[in-house]
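All remarks here apply to the structure that follows.
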Protein chains: 4
Amino acid sequence: MTTPISERLDDLDEARDSGRRKMDWAIQHMPICGALREQFEADQPFDGERIGMAMHVEAKTAVLTEILAAGGAEVAITGCNPLSTHDDVSAALDAVDGVTSYAERGVDDEEYYAAIEAVIDHEPTITVDDGMDLVAAIHEDYPELIDTIIGGAEETTTGVHRLRAMDEDGELDYPVFAVNDTPMKRLFDNVHGTGESSLASIAMTTNLSWAGKTVVVSGYGDCGKGVAKKASGQNADVIVTEVEPRRALEAHMEGYEVKPMAEAAAEGDVFITTTGNRDVIVEEHFETMQDGVLLANAGHFDVEVDLDALSDLAVDTYAARDGVQTYEMADGRRLNVLAEGRLVNLATPIALGHPVEVMDQSFGVQAVCVRELVENGDDYEAGVHAVPDRLDKEVAEIKLDAEGVDFDSLTDTQAEYMDSWQHGT
Amino acid sequence: MTTPISERLDDLDEARDSGRRKMDWAIQHMPICGALREQFEADQPFDGERIGMAMHVEAKTAVLTEILAAGGAEVAITGCNPLSTHDDVSAALDAVDGVTSYAERGVDDEEYYAAIEAVIDHEPTITVDDGMDLVAAIHEDYPELIDTIIGGAEETTTGVHRLRAMDEDGELDYPVFAVNDTPMKRLFDNVHGTGESSLASIAMTTNLSWAGKTVVVSGYGDCGKGVAKKASGQNADVIVTEVEPRRALEAHMEGYEVKPMAEAAAEGDVFITTTGNRDVIVEEHFETMQDGVLLANAGHFDVEVDLDALSDLAVDTYAARDGVQTYEMADGRRLNVLAEGRLVNLATPIALGHPVEVMDQSFGVQAVCVRELVENGDDYEAGVHAVPDRLDKEVAEIKLDAEGVDFDSLTDTQAEYMDSWQHGT
Amino acid sequence: MTTPISERLDDLDEARDSGRRKMDWAIQHMPICGALREQFEADQPFDGERIGMAMHVEAKTAVLTEILAAGGAEVAITGCNPLSTHDDVSAALDAVDGVTSYAERGVDDEEYYAAIEAVIDHEPTITVDDGMDLVAAIHEDYPELIDTIIGGAEETTTGVHRLRAMDEDGELDYPVFAVNDTPMKRLFDNVHGTGESSLASIAMTTNLSWAGKTVVVSGYGDCGKGVAKKASGQNADVIVTEVEPRRALEAHMEGYEVKPMAEAAAEGDVFITTTGNRDVIVEEHFETMQDGVLLANAGHFDVEVDLDALSDLAVDTYAARDGVQTYEMADGRRLNVLAEGRLVNLATPIALGHPVEVMDQSFGVQAVCVRELVENGDDYEAGVHAVPDRLDKEVAEIKLDAEGVDFDSLTDTQAEYMDSWQHGT
Amino acid sequence: MTTPISERLDDLDEARDSGRRKMDWAIQHMPICGALREQFEADQPFDGERIGMAMHVEAKTAVLTEILAAGGAEVAITGCNPLSTHDDVSAALDAVDGVTSYAERGVDDEEYYAAIEAVIDHEPTITVDDGMDLVAAIHEDYPELIDTIIGGAEETTTGVHRLRAMDEDGELDYPVFAVNDTPMKRLFDNVHGTGESSLASIAMTTNLSWAGKTVVVSGYGDCGKGVAKKASGQNADVIVTEVEPRRALEAHMEGYEVKPMAEAAAEGDVFITTTGNRDVIVEEHFETMQDGVLLANAGHFDVEVDLDALSDLAVDTYAARDGVQTYEMADGRRLNVLAEGRLVNLATPIALGHPVEVMDQSFGVQAVCVRELVENGDDYEAGVHAVPDRLDKEVAEIKLDAEGVDFDSLTDTQAEYMDSWQHGT
């Protein structure tokens, strides 16, 4: 069992000031969470609930955590990736009334899981996950808690994928909202968020440019689409690798080259994996890559690039820059791995995670899903649930209102027309 | 009751030669239909079936029609829009063994519906629609045929929308595949097909350019996304109007301006409607538009621009060019309507409809759906059905193979990983 | 010697009505020429001058011709390409007071040059060329006229290139403005005009789409940049071929693939030449091309694709569509040539040439250049001259004013700052 | 007089290691400089020369400095901006044989100019500037050195602008190459380099995203074009402000909105100035801006945003993040200034300056210009000189060769054709 971060930091006051300053900046650019905070403070919907969270603990997540606490919940939080925690934010969060934070950067595996158990020890009635670590740990090791859990919400593609597999096996014992699958989440977080922040993180970690580069994007799901689109928008030449024929065709029709990795490996200058799968770039690919290539991962887990095989191939390895590990091959070629193959937009030294506004949208959906569990939890059986349309629309409307974007509404005649089918050509 | 086109044309041989030449060009660029034709000729899956079709009768549709006949079916076809029929293609099709074509360009309402009835008179066992005219007519006027109908396939957004409304009312009495809703159809046909062909048709009808133009796109569904994207790709400045908050937000996040039509009307140089709804551009909008604007519709029906109101406002109206009707306002402003407000990529004099390759994909899905009805029709209850994933994937694979695009496949380890959920961070 | 078009047409009245209607549409979208016409009508700057023109005779050029006549000139015009003349516009122009038009579509070489001589027979004091045919003919065959010629203006890249070569040889004996080289001409006409109209013409002639196509663009000058950019904006995958290293590098840095034609030939679906040079696509390339490729030229002369070599290779050739000639190889591959290798945005049956607004800008520069020759012709020695900046800016300001685009102006402090160099860091 | 950096740093060894590591990374991605280094080491073209440099002292510039020293020169260098120096790189450079570095981050004005004088004290025979500080100081205070100076090279738009003003006043007394004006420099450095690095620096300093943002770009020169293009490529909605009508029109035709700053101020979310002029954003604009806007400068000097006026308006000011100073208005609006209004891609805490590869091209041109001065300096009179085409092409060819990009070359027939003007239509 671990202790809250505040008991472990040396310069606690300084850390809290620094973390609070980051949170203040975030909330300035999170109008959806700002509007929901006002609503939650007034209504206290979470009064009496205990919320367990395992997410990337940095400024934006902290804002979500804080507004849940502001709505009356007791919140316990830890990280969902050992390298993505900002200790100062974790400390500032731990100082918030109603919040306990166990997250600490750079912990080892044992400490990582101890922190998850510390959160579970709060006996949460609601879980909020980014990668389903809480759901998995509760089902495996603390099944006795499930009876008192109203439900959960899951942030990522990978988490939802794993939850569905669990659900299909009949092993998911409480309802979980697939926040990842809403338009609000997928389009903005995955496409714009992952796309922009991955590229900016790579550029600022390496001081390299995109113009004229051949960028190999593995996976053409929402994250891959975002990375490909934004890289192309910086004048890179994009090659896509895929395993699903319709996605491969979609990428081809978008104007990208589609190739097997076995061919793309020799052509790429930068490789960005977004598949959520393992062994996307492996030994046979390393062997044909050019000198100086960059290898980065934008998928949830660090299994897409086979670093073990790369280590075995290398005759030397060293840190070329902060966040860049160079593997030198016997023939002199240097292959540069960013952020140890972990999420490149979260795990490089200067990385800040997804952009603030994008997370505002995701977390807006998270927040209304938690509210929905409290208000209507009985309506949902155990299993994975799509976020109800009305919640998703509510968040979109809050955002448009905050951005000052006005749009049309259907007239009665139009609404009627859309519902009818008797009219002719 | 009407007669086949061949009995009505003067220069039948010349028409058939011309139509055949158009079909030869199309099939040269329709590799999916080409591959399916070989399959159908060998297997004769449609032997004994009668297929009724109401679609835009031009070269690409003719290729679909012909491969269904090549698979053993007796096919009767008519148009689904009085202005989109190419008489020469209709004649060439009518000459194909097993095909009867009733489609003729420029028929009036009475003749249009008479041709639909002529098709129904063949007592089809399968219907293939683009706008659900056949389904509607059979349900309204020939309910006695429904017992012997295996099912149908519907091509368009609008048709599917109407079918769903009908289905929800419990009034759809046989199974219909929503071809429109497959990725293969929506992404390529709606986004790329409608987008490219609408813009090319407008440019070549008016001799005007896109660079620097303000283009107002109404509706940000798949067609609207395509039109906006392709217009932006020609250096137009795009404004989007929408009624659904998530689509409005999606357009905003893409970098487009989103405004109510009441504001956009005064700013646009070109207006393109893609909503599938009526009264999108009405009197109050005409009153604020600039001199010289273009008004075009890329939605299924000609009800998006209120031409009656425009006629009432105009002090004079004349054909400025083939396919362009100018309405002159009392204050001298000239508002130019393309293709009488009908589908601008089908109904201008030079319009050719969707690009050949794009239709190859849609029609590939249509063809395998018809095959599915014959092979497994009993599996489908009355109502609207999604196209099974395996059919959609089959078509994607045929296309990629034809384009020479190679792609990856999952290893066993990867497939297993994607199905598991027990692994950790 | 030839006669004016009006003496050669059968249905003269109908032709004139049709041509006039096309000109009316053009002038509606040519605000620069509209503003200059008002100026010229008031000032009569060309009173007493004879202007000889050899240009593509269609609606937009006709507007330029007409405003020069409106300014007091006697104008004689003929075509600069046998396939680009619209006879109806030629006839309508010939009916304009002060204008004689000799241009006729489809004339043979002898008639073509006879028409040029007919224009020269008017003893022009100013020449306006698109391809320097008039300048060449006068220098070669009518040198006695040079003494009374004030100067000329040349529209195209190719014409300016040839004039410079002539100038360097000391053989250009009167001043000619290189209208092509102004920002107003090059950016808008070459980039946007050639780019958009070439693609639209190809799409509407073939009914094919760009999405997913591999488009090989030969030459990365302004026209090539436009074609590449607009094709990419329609989701094509663009390959560029070049002979100049800096242009090759520029294309590479833009994100395009750069390859020798010997490699690109086997990969392209569509080939568009824009080099202004000959023998860009030759026998060795035809031999490796895929079945069904399109070959189009957007450069001034029809020498970029070696059609003689293609004819020699072909075992059969036939018109697949209007504007598309198919050459069938011994191995069954079909290579489709558009517009006989002539300018694809001018010479296909449905082609309309550059977009109206783009030509408005080019012709605005032409018009003020002609005015400059009349007003300050003595200031210019024999040779090629850049268009003075003030003229180019004048046209830009007229255009922005017409478009309702407002922009900033320098304050006195700013202007002073820009002129100073003493200020520190 | 100041002393070399090595005499002023505490942890000199650590700094040198860190700086050397940065330089190693840079040279790995600078193939042009790598190829030139080999050439220079073999030929020793700079033997006996003293080169004075005032440039941003970070890893890439260090590579240029080092290859000049490798070619035999004695090099003295200082910074051209007090905030852009990396002390570790400066120290590593100072340790290179033949190089003395005076650059130190954060020096005050007096120290800044003392360091420039220290460089001049080496009595350079060649100057290499980024902002013409050396040229200015030598002409103003050390005119006696001019006789022995062969010439100079200037890197930036702003520096060249000031040099031309000086030249026009007859006050530039030795030849200077306008490196900035070559295609190799302008397109890649200004467009791609400034564009990409400014946006990445802003994104990573603020953790904000571009999608859906309204970005106001002031100035549509090469830097402005790059910023606008790359911002648009990240799905921002771009507004351009300009004072030159042709540039304003060019931006309009590209599809951007063009407005006066007085209008744009109220609409922008992010403002990026690239004009090279002063007072671009001033009091009247601050007054109408929205809460939370970002103000950044990508022009050479920190005079584009009027920070004095902003300070006067503000009721409070504080550091919201590293590199972000917030000015709070009386009405509560917060205006956030990045990098104190200095170059945003150089002067934020995490900024790394232009991308490595882009600087490789600029510095390749610099290096061959310095070689040209040594080899053919007598051919150039005092004044600003364009970089000879052959040098620029040489660098392009080295780059393409390094990237493995092959391209075509003219055949004899083609070369002859391009030089001829007698051929007909």
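Any Cβ shown, glycine's included, is placed from N, Cα and C.
Any TrEMBL annotation is an automated prediction that lacks curation.
Cβ contacts within 10 Å of D:ASP130 (substrate binding site), excluding its own Cβ and spanning all protein chains shown: 26. According to DSSP, D:ASP130 (substrate binding site) is assigned to coil rather than to any helix or strand. The annotation substrate binding site is assigned in TrEMBL to D:ASP130, D:GLU155, D:LYS185, D:ASP189.
For D:GLY221 (NAD(+) binding site), the same-chain residues 6+ apart in sequence whose C-beta sits under 8 angstroms from its C-beta are D:THR157, D:ASN190, D:ARG247, D:THR274, D:THR275, D:GLY276. Following the DSSP three-state reduction, the secondary structure of D:GLY221 (NAD(+) binding site) is coil. Among the features that TrEMBL reports, NAD(+) binding site is placed at D:156-158, D:ASN190, D:219-226, D:GLU242, D:ASN277, D:298-300, D:ASN345, D:HIS354.
Per TrEMBL, the feature domain 'S-adenosyl-L-homocysteine hydrolase NAD binding' maps to D:190-351.
Under 8 angstroms separates the C-beta of D:GLU242 from a C-beta of chain C, among the binding-site residues D:THR156, D:ASP189, D:GLU242, D:GLY299. Taking the centre of the Cβ atoms of D:ASP130, D:GLU155, D:LYS185, D:ASP189 as the substrate site, the nearby residues of that chain (Cβ within 8 Å, site residues left out) are D:GLU154, D:THR156, D:VAL179, D:ASN180, D:ASN190, D:SER362, D:GLN366. Confidence across the domain 'S-adenosyl-L-homocysteine hydrolase NAD binding' (D:190-351), taken as the mean pLDDT and rounded to a whole number, stands at 96.
Same-chain residues at least 6 positions away in sequence with a Cβ under 8 Å from that of D:HIS354 (NAD(+) binding site) are, in sequence order, D:LYS60, D:ASP189, D:GLY193, D:THR194, D:SER197, D:ASN345, D:SER362. Here D:GLU242 (NAD(+) binding site) is positioned 23 angstrom away from D:GLU155 (substrate binding site), judged by their C-alpha atoms. If you check the binding-site residues D:GLY224, D:GLU242, D:GLY299 against D:LYS185 (substrate binding site), none has a Cα inside 10 Å of its Cα. Packing around D:LYS185 (substrate binding site) is summarised by its Cβ count: 28 other Cβ atoms lie within 10 angstroms of its Cβ, all protein chains included. A Cα-Cα distance of 24 Å separates D:GLU242 (NAD(+) binding site) from D:ASP130 (substrate binding site).
In sequence order, D:THR158, D:GLY219, D:CYS223, D:THR273, D:THR274, D:THR275, D:GLY276, D:ASN277, D:LEU343 make up the list of same-chain residues 6 or more apart from D:GLY299 (NAD(+) binding site) whose Cβ falls under 8 Å from its Cβ. Within the same chain, residues at least 6 positions away in sequence whose Cβ sits under 8 Å from that of D:GLY224 (NAD(+) binding site) are D:VAL217, D:SER218, D:VAL240, D:GLU242, D:THR274, D:THR275. Highest Cβ count within 10 Å among the binding-site residues D:GLU155, D:ASP189: D:GLU155. In this structure, D:ASP189 (substrate binding site) is part of a helix by DSSP.
DSSP assigns D:HIS354 (NAD(+) binding site) to coil in the three-state reduction, outside any helix or strand.
Among the record's substrate binders, D:ASP130, D:GLU155, D:LYS185, D:ASP189, no two C-alpha atoms are more than 13 Å apart, and one pair sits at exactly that spread. Taking the Cα atom of each, D:ASP130 (substrate binding site) and D:THR156 (NAD(+) binding site) are about 6 angstrom apart.
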